[in-house]
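These notes are about the structure you will find just below.
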Amino acid sequence: MDFLQRLARFLDRPLFPWKKLIIGFSVGQYLFEAFLGFRQYRVLQRTRPPKVLEHEVSQDVFDKSQAYGRAKAKFGAINGLYGQLQNLAFYQFDVLPKLWSWTGNLLIRFAPARFTGEISHSIVFILAFIVIHQILSLPSNIYNTFVLEEKFGFNKQTPKLFITDMIKTNMLAFVLAPPILAGFLSIIKKTGSQFFYYLWMFGAGLQVFMITIYPIVILPLFNKLSPLEEGKLKTDVEDLAKKLKFPLHELYVIDGSKRSAHSNAYFFGLPWKKHIVIYDTLIEKSEKDEVVAVLAHELGHWSLGHTTKLFGISQAHFFYIFALFSVFVNNSSLYANFGFTKEHPIIVGFLLFSDILGPLDNVIKLLMNILSRRFEFQADAFANNLGYNNELARSLIKLQIQNLSTMDADWMFASYNFSHPILSERLKALNWQPTKKVEAKAGDKAEGKEDVATATGRDEL
């Protein structure tokens, strides 16, 4: 595209302060998110639940929820500052060019000559970058799992399982990253200035591939899936799927309880072959009709085309990212500003470009959250129209209590951070009429996260 080429020439200015611009973006985003966090912290200091929850949640549960929210907010603030200092240190002390040089020397010393080109170098660079990030984030992860979550009775992980999961995650990265990076870089090198078309098609194919291998290869590394046993729950779910013409292939129970007290359900798979997964804790802590109501909400996402729409939006998002990257991929001033005066590694350019794109991505994040919240209301309404009003409301309240989830939120904080409505909004939309307090044990964490993950074709409550 001529426009993109003209824009690339315009932005490649020798004296343009790219480093100051990126640092400014990073600091600005941190300060804005800290401001939103402060607004939310004030909400977490309230002593009474929202009016719609007064008859649903006891004062003791509300107090615990607020305390948990404040603890997470404090941890988030400290962790955010820690992450910001890391970013500034990486930029200020030219960590990227030093890491590039070090990994290049490793290849020269230990690898055959045919593995010392840019693609091999980029793979080793990214793997080293992943290991460094893992080491730097380890203290935060340990504190979050074994101190914060443990304090509120949520953590089920043992140190052994924590370490095993970390090793498996890194092994996956070391197995999957090299071929993906090799494909990414080869396409850019071989297809010229129009590489973003081919890169976009590569990304779409990669998503389909990940959807296919996720249940077969990745998921079994971390959890055990067992067929749901025969009984009323299985019959009711199969009847619901048949009624909605949902292409259900298999109904599983996942052993989520070995890591935490998550209670959730989701589906994943290709358009013609779907799998439903129910957490063992959801079955243990809910009535059967409440589990079916949760799945009615999930299948509402499918029936209303939400997963397809979000997949399409993700493809458009990838296309605009790759198209804009073509503007920066050969920007000499950008590379030079970060210490790359002789070499212009494509992968480094992509990392720097991602930082430049930060402010625009935050706007897209806000818009996607607005859309996602709308989809959640629609899925709730779908389950309501199927006759699951009371069952869905009770299940949402139980999840909220078990998870000690945030029961109220500052509107600015929620708009920016929440992809799903808070409980009080969902109950109002369902026209929920309280009768008595819903019985559920607080302190057993039931993750109330609802995420339509287009990368794996997975939709969960």
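Glycine is treated like the rest: Cβ placed from N, Cα and C.
Remember, it's a predicted structure, so these values are computed and weren't measured experimentally.
What TrEMBL records for E298 is active site. Among the features that TrEMBL reports, active site, proton donor is placed at D380. Annotated Zn(2+) binding site per TrEMBL: H297, H301, E376, in sequence order. Under the heading domain 'CAAX prenyl protease 1 N-terminal', TrEMBL lists 40-224. Under the heading domain 'Peptidase M48', TrEMBL lists 227-431. TrEMBL lists 439-461 with the feature region 'Disordered'. What TrEMBL lists as transmembrane segment is 21-41, 123-148, 169-189, 195-222.
Recorded features from TrEMBL, shown on the structure.
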{"residue": "H297", "record": "Zn(2+) binding site", "CB count, 10 Å": "27"}
{"residue": "E298", "record": "active site", "CB count, 10 Å": "25"}
{"residue": "H301", "record": "Zn(2+) binding site", "CB count, 10 Å": "25"}
{"residue": "E376", "record": "Zn(2+) binding site", "CB count, 10 Å": "24"}
{"residue": "D380", "record": "active site, proton donor", "CB count, 10 Å": "25"}
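Away from its own ends, the transmembrane segment (123-148) comes close to residues 71-72, 75, 79, 82, 86, 99-100, 102-103, 106-107, 155, 157, 159, 162, 166, 170, 173-174, 177-178, 181-182, 345, 347-348 of its chain (Cβ-Cβ under 8 Å, at least six residues beyond either end). E376 (Zn(2+) binding site) sits 9 Å from E298 (active site), taking the Cα positions as reference. Here the Cα atom of the residue listed as 'active site, proton donor' is found 9 Å from that of H301 (Zn(2+) binding site).
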